[in-house]
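**Student:** So TrEMBL lists the following for this protein:
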COMPBIAS  1-23  compositional bias 'Basic and acidic residues'
REGION    1-33  region 'Disordered'
REPEAT    141-191  repeat 'ARM'
REPEAT    191-229  repeat 'ARM'
REPEAT    233-275  repeat 'ARM'
REPEAT    317-359  repeat 'ARM'
REPEAT    358-400  repeat 'ARM'
DOMAIN    534-601  domain 'BTB'
Amino acid sequence: MDRPTRKSLKRKLEQDFEHENQSRQKIPATDGFETHQKLTSSIQSLVDILNSTFSSLEADRAAAKRATSALSQIAKNEEVVDTIVDCGAVPALVLHLQTPPPLRGENGPKLYEHEVEKGSAYALGLLAVKPEHQQLIVDAGALTHLVELLKRHKSADNSRAVNGVVKRAADAITNLAHENSGIKTRVRIEGAIPFLVELLDHADNKVQRAAAGALRTLAFKNDENKNLIVECNALPTLVIMLRSEDTAIHYEAVGVIGNLVHSSPHIKKAVLLAGALQPVIGLLSSSCSESQREAALFVGQFAAADSDCKVHIVQRGAVKPLIDMLESSDVQLKEMSAFALGRLAQETHNQAGIAHSGGIVPLLRLLDSKSGPLQHNAAFTLYGLVDNEDNVADLIKFGGFQKLQDGEYIVQQTKDCVAKTMKRLEEKIHGRVLNHLLYLMRVSERNVQRRIALALAHLCSPNDRKVIFLHKNGLDLLLGLLESGSLKQQREGSVALYKLATKATSVSPVDSAPLSPTPLVYLGEQYVNNPTLSDVTFLVEGKRFYAHRICLLASSDAFRAMFDGGYRERNAKDVEIPNIRWDVFELMMRFIYTGSVEVNINIAQDLLRAADQYLLDGLKRLCECTIAQDISVENVSLMYELSEGFNAMSLREACILFILEQFDKLCTKPWSSSLIQRIMPEIRNYFEKALSKPIN
């Protein structure tokens, strides 16, 4: 990819120029006390010198050389570039890209031959760093002259000066074509590409590097340029450059090849045939992070070709350096490495190889990255790895399930990828994978055992719950987390137990009201508190309530004992009810006569007390259901006490589930720890009972 920014291109030009001119006098770009007007005047003077010195006279050549050098120095300050252009520097500099006409009788080398042209090319390259000036420079005719300068490498005088002007011409073409598709096409039309390809074989490393940099830019997102570069037989030389010990050269070479193969399958095949794969893999271990990054991108592009290529890349040693790159401090390097590993992880044996080489842990750490692309590449690679059953136990052992579950993902695409990974994990938890996990849950250190139990609570099949959590000690591990002194572990344990509970019971104890047991007799609504055929009267709050023994006897053991046993109520016509309010008693009797009643939250607790006293299990469950809907963080402790006081099992289970589900909110309460400790035996009993039930 064409990654260098304009500032990096400009900095590259500046560094090269300063290296070549260390001993020369430099004109400062600006003086802290210099006004803009004075600077403009200085620039205009330099432009005027260029416009008046296009000749082969010794004085003119010397003046032109000084002027191009001074303008180059000033142009390093990007804030002044517009002023330089406004002063008419572009046509003046383009003019001096050419050799002036010879003097009469002149037949030897010109004074400052190549130096003026080099300075002009360099200054134009600096001006082209601003996109708005690129077309202006091209329209002034610069490209034709720059191509002519490239040809000077054929000169018999292969001097330092020739190499310098050729390099500057290539650099200027790079900056002019940067992210400008129209100019890239113009460069091809002007015939620059064959000469740039020739320069890849140049003896001077700087020229070679500059030519590769230009080809890299020209190849980016331009299919015609790509094809021409390949047709000019650039690939063999580029492949050799990949093996260069000069980091600058192999960086540019891998960049050119990367741009050539991007979205071009036929070029990708040609590059592979040219032998690029192994040297690119070698660059994964380069001391230059930029070369590593480009090589990783390149490997990812190769890995997309076909399954065989994916395998060959791994066989040739790419995995270990790619995994090492995941630990780099360079975010872009990690991003490209994860990208390449993600592509490689689409093949079964590669998946196992990446995991075996230590890839899982650094990939999991990258899920915490604040970089969206890096985070997504890591998630995508993990998605590939868990497709292999050999990797599932290791990922869970290293805490991968918790990492995936707790991650804060930046883009929706990553969230979707993680969801698919979790689904894929769930599908793998059976057979030898489950057996491996159960073995690890038995023999590993405590932290690993707990990680496995947590993951299995979320992932296991309902058919395996009993074996995992009752027979293989999984429940003890989860309860141990809930009892630990670590708030994080308590949270993880509560979430896992709640998930296990929802899997264990298809319907929550409070999801729907229970059906009432069918009594032997339902007299119906019309007989509620009706004296017709009444054979017993209850005195409630001083008022009479008419009832019928046959209905009461059929409703509960409490009434049967009252009227068939040895109690005084057996023969009494009036029975006093001292501890129940009239509205509560009336609602209880309505349930006995009809089998159903609507329980309002305001009366539910008093009605529960009455239902418990008279052993009306159906009514009791209705009351529990209503009360359970009103459980909150503030009252759950009182609700649990209520369930204990009246042996309200459904309400107790509802409180347990609420505590597990809302643990994050409850843990902030000062009384939460004592509540958890108090109900631990009941939590265990609840799960042992739920897990023992047969699967429907």
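Cβ atoms here come from the backbone N, Cα and C positions, even for glycine.
Since this is a predicted model, take the numbers as computed values, not measurements.
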**Student:** If you average the pLDDT over the repeat 'ARM' (191-229), what number do you get?
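**Tutor:** The predicted confidence over the repeat 'ARM' (191-229), as a mean pLDDT, is 96.
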**Student:** Report the DSSP secondary-structure composition of the repeat 'ARM' (233-275) as helix, strand and coil residue counts.
**Tutor:** 32 helix, 0 strand, 11 coil
**Student:** Please list, for the repeat 'ARM' (358-400), how many residues fall into helix, strand and coil according to DSSP.
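**Tutor:** Counting residues per DSSP class in the repeat 'ARM' (358-400), I get 33 helix, 0 strand, 10 coil.
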**Student:** What is the three-state DSSP composition of the repeat 'ARM' (141-191), stated as helix, strand and coil residue counts?
**Tutor:** 40 helix, 0 strand, 11 coil
